Amino acid sequence: MAVVGPTAGGKSDLGIEIALALGGEVVNADSMQLYRGMDIGTAKVPEAERRGVPHHLLDVWDVTHPADVASFQADARRIIDGLLAAGRIPVLVGGSGLYVRAVLDNLAFPGTDPGVRARWEEELARVGAPALHDRLAARAPQAAAAILPSNGRRIVRALEVVELTGTFTATLPEHRSVYEVVQIGVDRPDLDQRIADRVEKMWGAGFPDEVRRLVECGLREGRTASRALGYAQVLAWFDGAMDSAEQAKLATITATRRFARRQRSWFRRDNRIAWLDQPDVTQVRRLVGSL
């Protein structure tokens, strides 16, 4: 089983319900919940609220670790294969579209070279994303055409891959499943309000203090973790780029809503996903029974 969809839709709770109903275990596919200590800002389900359901691939990386979908893919498939061999149902839960596809579909990822990546990261900081995009366009026009000039992270990755392999494909191949899987999509008409409520709850739970603690663990040096929703906005406030905690909070709400729209667009393109408008395990039971 896989439970996917935009943030704040109720995927985590539904994943636990499904695991309890089917005798399963949760496998995380939220790229930011892989980071240790990033708990409040990623809405990681506290252990006391997991209702005895084992959760895998939470708290795997330090905040200084760069995103690595290839290693995540290997780890997730190893865990899923082990659960299947033991007669347990893996329940993959997350809204990180590439990470979900990396596990479920026949995707291969080019290798990485930290030295090459660091050199292009430095160049990004020096000249900016649009100028670096021009360089990508000169070396790999088709790749550049598929990447926004403002998306520095993807531009750097594309340049790294071009340097290492001589080519880069910016689009993913067609869906080709590795597993027999039922994918449940959770979306809600009140998502904007739920996002605002979640961010308010984050601040009430001491989210800025969590960010302060993670700064001491190297959050600023983490190329991926420091850009996470909420964390980037609080760091900007700490650095004086925002005037107040309230401004950082409102910026987090806006950025999260924008991200949720992108998530929705990503997952809606996959016609293998059966969509629910509420995270209801009864609907899931009926759906599974009809397949």
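Quick reminder: no glycine exception, Cβ is built from N, Cα and C everywhere.
Keep in mind it's a predicted model, so treat the numbers as computed, not measured.
Swiss-Prot assigns the feature region 'Interaction with substrate tRNA' to one of the listed ranges (30-33, 198-201, 282-285), namely 30-33. Counting other Cβ atoms within 10 Å of each Cβ, the lowest count among the recorded positions LYS11, ARG117 belongs to ARG117.
Tertiary proximity for the region 'Interaction with substrate tRNA' (30-33) is limited to same-chain residues at least six positions away from its ends with a CB under 8 Å from its CB atoms, namely 41-42, 44, 57-59, 67, 69, 72, 93-96, 98-99, 224-225, 228-229.
Secondary structure by DSSP for the region 'Interaction with substrate tRNA' (30-33): 0 helix, 0 strand, 4 coil.
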